[in-house]
Amino acid sequence: MSVTPPNVQFNLNGDSDHKSDNSSSSLENKLDTELKITSPPRNPPQRLHPVDFSEHADTDDDMNHPLPRVQSPVHIKNHIDPKLAEDRYRSSAARHFEPISIPPSAITSEDEDDYHGSANSSTVLPPRTENALHAASPKPSGSTGYTSPALSQNSGSGGEGESDEGSFNTQHHRSPIFQAYPSSEDLVGDPNDPYRRTRRAPIKTNPHDIPSQFIFRKLGLHHGKHGHHGHSGSLSLKSLVPNHHDKHDKHDKHEKHHSSLDLRRFFKSHQKTDKEKKPSVSKSKSSANLQDDHFGLFKKYGKFGRMLGSGAGGSVRIMKRSSDGKIFAVKEFRARRPTETEREYARKVTAEFCIGSALHHTNIIETLDIVEENKKFYEVMEYAPYDMFSIVMSGKMTMPEVYCCFKQLLSGVAYLHSMGLAHRDLKLDNLVVDSNCFVKIIDFGSAVVFKYPFEADIVEATGVVGSDPYLAPETLVRKLYDPRAVDIWSSAIIFCCMALRRFPWKYPKLSDNSFRLFCMKQPSNDAESPSDILADIKKQRLVEQGCEPIRKTDESHSPNSKTDNSSTHKQELYGPWRLLRLLPRETRAVIAHMLELDPVKRYDIHRVFADNWINDISMCHMENGKVIHSPTHVHNLVASEESPAPPAKH
């Protein structure tokens, strides 16, 4: 609603309260008579609403115009300098001008929201981040800061997610918690680009196929002790720069270790330069030698503590810095295999470090540093004192606590997928919890890049990685698969483990009885037998059969002679309902879609967050650098020593 102040007549001298009796000049008298200037009063009323000038832009009535206007001096008979008139007009108008500035963080009223929602504006507002959503919207009593919507594939601007009360509803319109992060699917690129990854020629690995201009030799590789006489046609940096201290002695041999192809230059090497020290023969000095080998690592991060865990990729131990008492988790990578070259080993280590150091999210472990000492690599990470497996097996988790941890896991997966990365080895052992009750994903040794920036194609992964109970079935039957669908499947298995405290099956093969019954559908008619259903699953090539024949497995679960056939038929259930009936009712729909056998039909992370139950989960999170705990539950943090042994399988 626009407010137009009343207009008054005033002269060019700016005295609106009284007029001078004596005119200063005839020129000013003509301006007073010929020019009609209107202006708001000296003390105009305070404007409560922004003024819309578009309604009066084309009107000819000067009295209705909110700003002073001047008529064109073309019709004045006597000559008047138009520049003088314009300058005096502007100085007079500026005297009564009061600028209105609205801070960008101000919250408009309901009427202004309705008005601005219908008006066309050319101003492009920045996208709403999660912190901005929490700061601008009131929170209901039973919800946390993550009331932002679930992301759908065609999610648009945030206008339709707001209700009349100014708060965000809890339906599918709400933007997800990971919408603030750049999605790899937004950087599509040109599908007709001739330099796309799928259109490139395969890399030539044979050295004889490489053009000569791309073949480089290390400095000093073929040099004798008499200098560069063997290759007179080749240029080197030493031949271009005069060196007055060039002596053909031991320094020439030392230059071989500083080639541009040496990958160890990327690491912070703390090796001792004193080569005259010989290893001690006495066994009593072995501990001292160990500390000497890790002198640089100890000096920077303290001394090694207890072992946290070990796996195929290496072992993780605690290091406590003596200067400030800060605790780190240091992963010692596995030793180089005999079949691996030093270059291949360094490339695998750097790949895991580069992926981990590029990720910064509340639900992702923070990778801090990597150190090389004595041809061993150590990755320094933040320390989280609790592991998810011990917390789950303690039996102290409530269902709201399970929901919170599951949504935190999905938030970390959503961030990974938005960066074009897939973990491929999600399991309870790769989830840790810090002192703020934040679930963090660790171990990116199996992570792959499925989408590169400005590339339109999805790079499929290959190879079977991960633990058997968490494996997606397509990894066993397909050479190439979408790694995003693998993360979704593993996340659903993790939820089943947290809710049921047991695995749904040992491995996703038809030879496993639990998984085979999960894959089977209820017979549509009496003529359709379970063998026919399994034969149909075999044709679809969605799961691996295993080593045991189908009939043998069916006979092992045939009703006993002492058991009633009708009671056995009632107990035997087929299909996903066999597992879903054990889960809470509100979780069954999304878990069923996450455990879809066909990876093409399986939910992606966007559709998972579009579920109403996922949106309504009250989750602990970080907001503006502050830890926000959910009021619906309290996390029971259990250390690994307090966790009981896993229950025996029935």
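In case you wondered, yes, glycine gets a Cβ from its N, Cα and C as well.
Under the heading active site, proton acceptor, Swiss-Prot lists Asp425. DSSP assigns Asp425 (active site, proton acceptor) to coil in the three-state reduction, placing it in neither a helix nor a strand.
Cβ environment of Gly314 (ATP binding site): Lys331, Glu332, Phe333, Arg334 lie under 8 Å away, each six or more residues apart in the same chain. Among the features that Swiss-Prot reports, ATP binding site is placed at Leu308, Gly309, Ser310, Gly311, Ala312, Gly313, Gly314, Ser315, Val316, Lys331, with the record citing similarity to another entry.
Annotation source Swiss-Prot lists compositional bias 'Polar residues' at 1-14 (among others).
Swiss-Prot lists 78-98 (among others) with the feature compositional bias 'Basic and acidic residues'.
Per Swiss-Prot, the feature compositional bias 'Polar residues' maps to 140-154 (among others).
The annotation compositional bias 'Basic residues' is assigned in Swiss-Prot to 222-231 (among others).
Here Swiss-Prot flags 245-257 (among others) as compositional bias 'Basic residues'.
For 258-279 (among others), the entry in Swiss-Prot reads compositional bias 'Basic and acidic residues'.
Here Swiss-Prot flags 302-614 as domain 'Protein kinase'.
Here Swiss-Prot flags Ser72 (among others) as phosphoserine, drawing on experimental evidence.
According to Swiss-Prot, the phosphoserine annotation covers Ser286 (among others), on the basis of experimental evidence.
Annotation comment: Swiss-Prot describes 1-210 (among others) as region 'Disordered'.
For 222-288 (among others), the entry in Swiss-Prot reads region 'Disordered'.
Sequence annotations record features per position, and here Swiss-Prot assigns region 'Disordered' to 549-570 (among others).
Between Asp425 (active site, proton acceptor) and Ala312 (ATP binding site), the C-alpha separation comes to 12 Å. Counted within 10 Å of its Cβ, the other Cβ atoms near Val316 (ATP binding site) come to 19, all protein chains included. Each of the recorded positions Leu308, Ser310, Ala312, Asp425 was scored by how many other Cβ atoms lie within 10 Å of its Cβ, and the smallest score goes to Ala312. What surrounds the ATP site, by Cβ distance within 8 Å of the Cβ centroid and not counting Leu308, Gly309, Ser310, Gly311, Ala312, Gly313, Gly314, Ser315, Val316, Lys331, is the set Glu332 from the same chain.
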